[in-house]
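Quick look at what Swiss-Prot annotates:
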MOTIF     98-103  motif 'Histidine box-1'
MOTIF     135-139  motif 'Histidine box-2'
MOTIF     286-290  motif 'Histidine box-3'
TRANSMEM  49-69  transmembrane segment
TRANSMEM  73-93  transmembrane segment
TRANSMEM  109-129  transmembrane segment
TRANSMEM  204-224  transmembrane segment
TRANSMEM  226-246  transmembrane segment
Amino acid sequence: MSNTFDNALAQPQTGMDLEGVSTVAPRKKSRKNARVTLNDPGVQATQKVIAYLTIIVPLLGLVAALYLAYQNGISQLDIALLVGMYLLTNLGIEMGYHRLFAHRTFKTFGFVHYLLMVFGQMAGEGGVIYWVATHRRHHIHSDTALDPHSPHTCHTGAEPEELNLRRGLLHAHLGWMVNDKVTNSALFTEDLTRDPLTKAINDLYFPILILGLIIPAAIGGIVTNSWYGALTGFLWGGLVRMFFVTHSTWLNGSFAHRYGSKPFETGDHSANNFWCAIPTFGASWQNNHHAFPLSAMLGLKWWQIDIAWYFIWVFEKLGLAWSVRRLTPEHIERKRKVA
């Protein structure tokens, strides 16, 4: 493992500020909008094209898959491919992109580190550097005009504006990806860009994304020995899976910043949304998360389902994860709202 990789993961293990965003992210709100977002027409146009493809193509795949299922039924293999690829890519997002790369809540071996990165890129939510930069920006400017996907306010035009319920949910779920306010990744991801292999994997986003579509198609074709099996594997394990993974992630910025309980003082509108916990692998405990961004565990009650945490816990027991950041009762009580 390279020294660059070791330095990128370096983080203090004593006196942990579990209320910060990341041990490596900017800690103060940037004051100039031009510094937070890019004013590059070429980058903005490219981002819009990618965003529209990310939204529309999986939706078309879902429609095609449902039509074929109506005509011919759906096989157990297709269901297995959907579930299996959903598990791998959503773990890549929630365990990898989110808790490991964005917030550095645990450490792991280089092989696991980069494998989670690859699985995350197969999900179809952008390269790891773009995703982490956008997420750290969201935490630093949560539910303000500089938050990229707040359902309460936005800065997509000349001036910031407050959003009503319908516009807010639409903006936070999908609309934020197709405006001109592209996050300045260099401001938020110095730790990632210092590692050459991370940069190389990030630059291979589209080949890795396509690989995530080819794998279920190949499995479907080989197991059934038919082109139809390859097609349905591509649809259910590829595009349909991508549709559900991306929309589950987007729920965290839209519904989980509008609906749910708010036991902690966070200074924003983040809420704990029970109904989204399973598809998001625990990310929808947004109020918990915004209160303690550096905690590896988001589900703080026994009934708060947190699938990504269960995997981190198992990895720790197997010796595959260490320096796992945990909350103390004092951390929790200090942030709890006074009734």
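Glycine residues also receive a Cβ, built from the backbone N, Cα and C atoms like all the rest.
Among residues of the same chain six or more beyond the transmembrane segment (73-93), those with a C-beta under 8 A of the stretch's C-beta atoms are 65, 116-125, 131, 212, 215-216, 219-220, 223-224, 229, 232-233, 235-238, 240-242, 244-245, 248-249, 280-281, 308, 311. Remark: secondary structure over the motif 'Histidine box-2' (135-139) totals 5 helix, 0 strand, 0 coil, with classes taken from DSSP. Sequence-distant contacts of the motif 'Histidine box-3' (286-290) (same chain, at least 6 residues past either end, Cβ-Cβ under 8 Å): 139, 142, 252, 256-257, 260-264, 266, 268, 270-273, 298-300, 304.
Note: the motif 'Histidine box-1' (98-103) comprises 5 helix, 0 strand, 1 coil (DSSP; helix = H, G, I, strand = E, B).
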